[in-house]
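Take a look at the structure set out below.
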Amino acid sequence: MDVRVSAPAAIAVRPRIAGAYLLLFLIGAETFLISPLLPTITAALQTDVTTAANATTAYVLVYAIASPFLGSVSDRVGRRAPLLIGAGLFLVSNLACALAPQVAVLIAARAVGGLGAALAGPSIWAYLADSSPDPESIGMLMGRGMAFFSSGQVIGIPVGAGIAAAAGWQWSFVALAAGTAVATGALASAVPRGRPAGTPPTLGEGLRVALDARVGPILAATLVVQSFSLGAYAYAGQILHERLGWSTASLGLVGVLVGLGSVTGSLLGGRLTRSGLPGPTRTALWIAVIGAGLGAFALSHSAVPALVALFVWFVGSGGFVTAQQTALALAAGDRRASASAWNTSAMHAGTAIGVFVLGTVIAGANG
């Protein structure tokens, strides 16, 4: 049974989802925040770069593994408890990071943050779909949500790095905690209490949603597409360095361009859901855009074509993720949080597969 929160008009939806959008922004900023802070953290905690980088690995790994299990909790008990508990864990994690006296504590705190994001993340996407005043508006809300998530990487990471440079790396995590407190307060006042209507799915049903005839192909598309899209992006910096001689600082600006492309694609993807095009057609269109951008980037040997290709590539990526989240929300019904969680895991698994396969190919070519 499809669960939906009543909404008298589209305009009434906005205050209820503001906290969800803010939390998505903060989760986006958190994901890669460690990267620009690595040199400072390494020196402050008297460790090496490889060990400090495990703070990022801990966050992403816990998120990917725990998400399918925790997504089913939201489908069983409703959105409110997972959202607020997940946001609370996220807040505590950032405060613990700010107070970490040694790198082991920092890594453990980041793992807790990944757990909080894994609990809250699927519930956010499901809550956005639940809050839609009509099925045609789901894609618009999903697109805006993805845009906020991408904006966290575009805006949040440079701002976090600026705060660290001005006041110390700990204050970047304090700022995230403060933002999370605001988001949690907004969610507490907006997300309704109560369990989903009808008979909620069991834990086993939530985990088996990946095998559903309508959901499985969507997840398979995420796995395959992200293996060659995000898997290839892992080597984009090295390619630009080798071909164009770009420095680390220049490559950091490329991340901003990629994020802007994702934001643009997410917003366009949300609008495209109301165009009347069938879902599979929209997905195929975004895959074609990814392919065109990726192919052009592979053939580029000068700066402007490479940057244009990267932007197009991630416009397609943002649109694709929006199309996938929308398709899952419509296909999974009362198991949409579980489906969203599996989609996140499929994205991470596809990225890992792509990185491994391309790394093997590159090593063989250079060997």
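A Cβ is built for glycine as well, from the same backbone N, Cα and C atoms used for every other residue.
Look at TrEMBL and you will find 16-367 tagged as domain 'Major facilitator superfamily (MFS) profile'. The average pLDDT for the domain 'Major facilitator superfamily (MFS) profile' (16-367) in the predicted structure is 86.
Through the fold, the transmembrane segment (21-45) approaches residues 52-53, 55-56, 59-60, 83, 87, 90, 94, 100-103, 106, 110, 113, 117, 120-121, 124, 144-146, 148-153, 155-161, 164, 168-169, 172-173, 176, 179-180, 182-184, 186-187, 252 of its own chain, all at least 6 residues removed from its boundaries and within a Cβ separation under 8 Å. TrEMBL lists 21-45 (among others) with the feature transmembrane segment.
Among the features that TrEMBL reports, transmembrane segment is placed at 51-71 (among others).
Look at TrEMBL and you will find 83-101 (among others) tagged as transmembrane segment.
The feature transmembrane segment is assigned by TrEMBL to 107-128 (among others). Tertiary proximity for the transmembrane segment (107-128) is limited to same-chain residues at least six positions away from its ends with a CB under 8 Å from its CB atoms, namely 5, 17, 20, 23-24, 27, 30, 34, 54-56, 58-64, 66-67, 70-71, 73-75, 79, 82-83, 85-94, 96-97, 100, 138, 141-142, 145, 191, 325, 329, 336-338, 340-341, 344.
According to TrEMBL, the transmembrane segment annotation covers 148-167 (among others).
Annotation source TrEMBL lists transmembrane segment at 215-236 (among others). With a cut-off of 8 Å between Cβ atoms, the residues of this chain six or more beyond the transmembrane segment (215-236) that come close are 209, 254, 258, 283, 287, 290, 294, 297, 310, 313, 316-317, 320, 324, 327-328, 331-332, 335, 339, 342-343, 346-347, 349-355, 357-359, 362.
Taken from TrEMBL, the feature transmembrane segment covers 248-272 (among others). A Cβ distance under 8 Å defines the sequence-distant neighbours of the transmembrane segment (248-272), meaning residues of its chain 6+ beyond its ends; these are 36, 139-147, 149-151, 153-154, 157-158, 233, 236-237, 240-241, 282, 285-286, 289, 307, 310-323, 326.
According to TrEMBL, the transmembrane segment annotation covers 284-304 (among others).
The transmembrane segment annotation in TrEMBL covers 310-333 (among others).
According to TrEMBL, the feature transmembrane segment maps to 345-365 (among others).
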Task: For the transmembrane segment (51-71), name the stretch out of 148-167, 284-304, 310-333, 345-365 with the most CB-CB pairs under 8 Å.
output: 345-365
Field: Long-range neighbours of the transmembrane segment (148-167), counting only residues six or more past its ends (CB under 8 A)
entry: 21-22, 24-33, 35-37, 40, 175-176, 255-256, 259-260, 262-263, 266, 318
- request: Using a Cβ-Cβ cut-off of under 8 Å, list the residues of the same chain that are 6+ residues beyond the ends of the transmembrane segment (284-304) and lie near it.
  value: 221, 225, 228-229, 232, 236, 239, 243-244, 265, 269, 272, 277, 310-317, 319-320, 323
